[in-house]
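Colleague: Residues annotated as active site, proton acceptor in Swiss-Prot: 116. The feature domain 'Radical SAM core' is assigned by Swiss-Prot to 122-366, with sequence analysis given as support. Residues or ranges marked as disulfide bond in Swiss-Prot: 129-371. According to Swiss-Prot, the feature [4Fe-4S] cluster binding site maps to 136, 140, 143, an assignment based on sequence analysis. Annotation comment: Swiss-Prot describes 195, 196, 227, 249, 250, 251, 328 as S-adenosyl-L-methionine binding site. Annotated active site, S-methylcysteine intermediate per Swiss-Prot: 371, in sequence order.
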């Protein structure tokens, strides 16, 4: 790795060590892993697959956290489960509600770390923006989250637990046996919170497979969007192993500018990224790629930039939508938002070329919940590497 290259996800990714003698958390386990731990702890092997199906529905379809409420299981078996297992999700530390209805949650995970989660209600959908890491390695210069150093990856339980936490707050778990209601307050997930999802690929994949499981939360893969800054080797895996919609934090049309705005571009440049994006819809059956483009005054918002962006997309034959994002300023930000007239002119060039170019409506900026503004309280009390290693049970002496 060269000195100028962004650090990768393995710098502070440490093995997690559960406290000895503690209960096993069933949240975040794959079906196969849940079956294995049930067998290891006394469930007859012939019954294990059926038990997984029953417990899975109670946890992910009905939102039940107490084994005693799982009434299609024998009382003795429920007691056995209670002795060994738990159903634990991240703890809500605080909740802020914007004047536009946006909700920002600060949630605490293992080790006392905190991440932020945002729920955005709209007329036709409700979108939950979730985090995949504590902090971030990418140091994108326009992003507040990028000023917080990476602490660690989130586990599958901590990722899917954000979805479960939001459903708790929205009181959206259905009653067992009640008629199915297709109207959802939480209908979409976007992996656009803290962290780079593709630097935590395996855990993100496992969590999203739980979200998509038809016997649980049951979200269509068309209602899940993963946003990446351009971890090129993992884009193909995302198409094959998750198959969700893909958004790319593009933000610049030349390598010179993107190297500054999105430093991962020094590792995989624009041409390498565009080739990976061109292949994605063929594998995932996605209709199009979303290009996210933050509008920065005098930096990337010229007519020439708009035409270059179109040239990139057309040259690689990428089915695309371009989301233009007015820059959400934060204390100490080195950039200013492009004027409304400049944003509209840029959008019109894209639109006249035949591409959708919606201008994202800023949501939750009064509570620092808007795009690029997330930064948890963990930054104010960030722990040293030795403290993190000690929590993880790693001894490097």
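Cβ atoms here come from the backbone N, Cα and C positions, even for glycine.
A description of the local structural setting of each listed feature is requested, covering burial, neighbours and distances.
Modeller: Classification of residue 116 (active site, proton acceptor) by DSSP places it within a strand.
For residue 129 (disulfide bond), the number of other Cβ atoms no farther than 10 Å from its own Cβ, over all displayed protein chains, is 27.
DSSP classifies residue 143 ([4Fe-4S] cluster binding site) as coil under the three-state reduction.
DSSP gives residue 227 (S-adenosyl-L-methionine binding site) a strand state.
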Colleague: Report the nearest neighbour of residue 328 (S-adenosyl-L-methionine binding site) in space among the recorded positions 116, 129, 136, 140, 143, comparing Cα positions.
Modeller: 143
Colleague: Return the member of 116, 195, 196, 227, 249 nearest to residue 136 ([4Fe-4S] cluster binding site) in space, with distance defined Cα to Cα and candidates limited to these recorded positions.
Modeller: 195
Colleague: Whole-number Å distance between the CA of residue 250 (S-adenosyl-L-methionine binding site) and the CA of residue 140 ([4Fe-4S] cluster binding site)?
Modeller: 11
Colleague: What is the interatomic distance between the Cα atoms of residue 195 (S-adenosyl-L-methionine binding site) and residue 140 ([4Fe-4S] cluster binding site), given in whole Å?
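Modeller: With distance taken Cα to Cα, residue 140 ([4Fe-4S] cluster binding site) is 11 Å from residue 195 (S-adenosyl-L-methionine binding site).
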Colleague: Need one number: mean pLDDT over the domain 'Radical SAM core' (122-366).
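Modeller: In the predicted model, the domain 'Radical SAM core' (122-366) has a mean pLDDT of 91.
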